[in-house]
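Sharing a structure below in structure tokens format, with a few things to ask.
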Amino acid sequence: MLLGVNIDHVATLRNARGTTYPSPLEAALTAETHGADYITLHLREDRRHIRDDDVAAIARTVRTHINLEMALTEEMLEHALRVRPQDVCIVPEKRQEITTEGGLDVIALQQKIADYTHQLTAAGIRVSLFIDPDETQIQAALDTGAPAIELHTGAYADAPAHERPRQLAKIEEAAYFASERGLTVNAGHGLNIHNVAPVAKILPIAELNIGHALIAQSLFLGLPAAIRQMKETIHRARNGV
Ligand code: PXP
């Protein structure tokens, strides 16, 4: 199971003071050195954290690869075609939200997603759709031609304890449903050291994208130790040890 480290909140902290530090590029390189399998970053339309020059510098410098999260807009499509990351994850975006709330409505946006996917795929970019664990959305995702999905784990992460098993079962069923139909299945959102293990045990899930909890934990442990702790937790869960 691969770990994508989302470094958006390093940029959030930098921007809060209008300084040049902490540097998202330095975070990306440190993350890679200490176990990140790739770097995830979200260029939001309002540029509230990651900026265009961050994407360019990180894409140019990383030794692994980047997974660029972006909204379904013409501007972002052009940006991705310029930068040519290995992966693009298409996410829904609302201006006022604190973070990505809910998955893409692939059913409503099917034609536009199929069109963007076609253009990105032609440029050699792997497209993933960030969706809720819902069979009708997965079926619609298949029809767009996207080779991968990322299951939104936010409902599971935010659920009260008594509700969590039901949310986890939804993720597990969706992961098997999608992988049996040939999709690569990733997952992420709201995962932390306390709730990641049950998700890591779901075998069809290939990659996890984790940001907020890792950057938060790095305040106390440092980024290298926070990533190591997360990798070990995932590895132990995955291998049943
Ligand atoms: N995956 C996607 C598609 C996201 O939009 C985000 C948040 O940017 C994450 C994963 C990471 O979520 P978190 O910061 O809660 O770990």
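Just so you know, glycine gets a Cβ as well, placed from its N, Cα and C.
Unlike curated entries, TrEMBL annotations are predicted automatically.
Model, not experiment: these values are computed from the prediction.
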With Asp8, His9, Arg44, His49 listed by TrEMBL as 1-deoxy-D-xylulose 5-phosphate-binding, which of these, Thr64, Thr99, Thr117, Thr121, is given for the same site?
Thr99
Quick check on the annotation: TrEMBL has Asn6, Arg17, Gly211, His212 binding 3-amino-2-oxopropyl phosphate, so which of Gly35, Gly190, Gly222 does it put in that site too?
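Looking through Gly35, Gly190, Gly222, the residue TrEMBL assigns to the 3-amino-2-oxopropyl phosphate site is Gly190.
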Out of Asn6, Thr99, which of the binding-site residues has the smallest number of neighbouring Cβ atoms within 10 Å?
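The binding-site residues Asn6, Thr99 were compared, and Thr99 has the fewest Cβ atoms within 10 Å.
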Determine which residues of the same chain, besides Asp8, His9, Arg44, His49, Thr99, have their CB within 8 A of the center of the CB atoms at the recorded 1-deoxy-D-xylulose 5-phosphate site, and list them by sequence.
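Going along the sequence, the neighbours appear as Asn6, Ala11, Thr12, His42, Arg48, Ile50, Gly211.
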At a 10 A cut-off on CB-CB distances, which of the recorded positions His9, Arg17, His189 has the highest count?
His189
Between the two most separated Cα atoms in Asn6, Arg17, Gly190, Gly211, His212, the residues recorded as binding 3-amino-2-oxopropyl phosphate, what distance in Å do you get?
25
Among Arg17, Glu69, Gly211, please name the recorded positions whose Cβ is nearer than 6 Å to ligand 1.
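Those recorded positions that pass the cut-off, since their Cβ is under 6 Å from ligand 1, are Glu69, Gly211.
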